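Notes follow once the structure below has been shown.
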């Protein structure tokens with residue numbers, strides 16, 4: 001009796017295991033067929049996605065292989081893998097270099113100035129322009145505001161260097177008030193302010209697109225109900241538009257904080273000069289000189305790796321902070 005029970009139990013277990021295996025195989029087969037069907041159905045979209053994926057793969061992921069340079073004494077003739085390992089020696093050199101702390105300070109200050117003064121401008125521009133009732137004029141202003149974004153910093157730098165030069169229009173106004181002309185682009189007192197002004201000019205129109213889209217998605221019935229309740233334009237902006245923009249603003253701020261150590265290489269490299277290195281030399285220009293000019297690739301890679309690590313920590317901390325403040329729907333994850 002016991003033997004028969006043992007055999008029956010064993011057979012039952014084998015039967016259940018066989019059924020489970022068949023079930024898993026059936027589910028896997030259905031999943032594969034469904035996946036193939038979806039790929040065939042959306043193959044055009046996948047082909048459209050392919051160039052973007054290849055771009056990120058080639059220019060963002062493959063270069064990560066070069067991170068090992070930070071831990072090697074890289075010699076061009078020996079190559080990356082044959083160069084000797086030196087561990088954390090380059091990081092010790094970085095953190096003992098007084099110039100590193102100078103450029104780190106400049107980078108943080110310029111980035112914070114841009115966040116404080118430049119980040120709100122696209123938001124204000126989108127809110128104010130959305131209040132215009134003349135659609136034709138609104139579209140014209142939007143188009144004009146986008147144009148500077150498509151101009152390279154080489155051109156932009158040339159324009160603003162001419163504007164702030166000794167014979168430029170700014171100094172012409174200064175002379176009208178009887179003051180002596182000022183060489184703004186070579187003066188530590190003014191250069192950072194010029195960076196912020198030019199950054200706002202170049203990016204506020206393009207940066208406002210996402211806020212225009214968010215404002216367009218606000219339910220018109222909310223505005224109509226507020227008007228019926230007697231709310232003026234200012235109150236509608238404060239109590240309807242701004243709260244509805246908060247999720248977008250939070251996400252954009254989190255993404256911006258990830259680039260707090262990216263003070264704008266293209267802008268600064270094309271506008272600065274040795275006379276303002278003390279207030280404008282940033283991590284990216286420092287890495288450029290160390291890596292490409294002095295060919296100290298390992299040292300430059302160590303600085304770049306430090307910058308990437310700090311950016312990762314910052315984006316996690318800011319995302320966590322927004323999450324803890326009750327904005328769970330306003331974060332990246």
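Even glycines carry a Cβ here, placed using N, Cα and C.
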Look up transmembrane segment in TrEMBL and report which of 85-103, 218-236, 237-255 it refers to. 237-255
Any idea which of 108-129, 262-283 is down as transmembrane segment in TrEMBL? 108-129
Pairs of Cβ atoms less than 8 Å apart decide it: which stretch in 44-62, 108-129, 150-170, 237-255, 297-318 has the most with the transmembrane segment (190-216)? 108-129
Spatial neighbours of the transmembrane segment (297-318) not adjacent in sequence (6+ beyond its ends, CB under 8 Å) are 66-67, 69-70, 72-74, 86, 90-91, 93-94, 100, 253-255, 257-262, 283, 286-288, 290-291, 332
Answer key: the stretch among 44-62, 108-129, 150-170 with most Cβ pairs under 8 A to the transmembrane segment (237-255) is 108-129
Take the transmembrane segment (44-62) and find every residue of the same chain, 6 or more past its ends, with a Cβ under 8 Å from one of its Cβ atoms. none
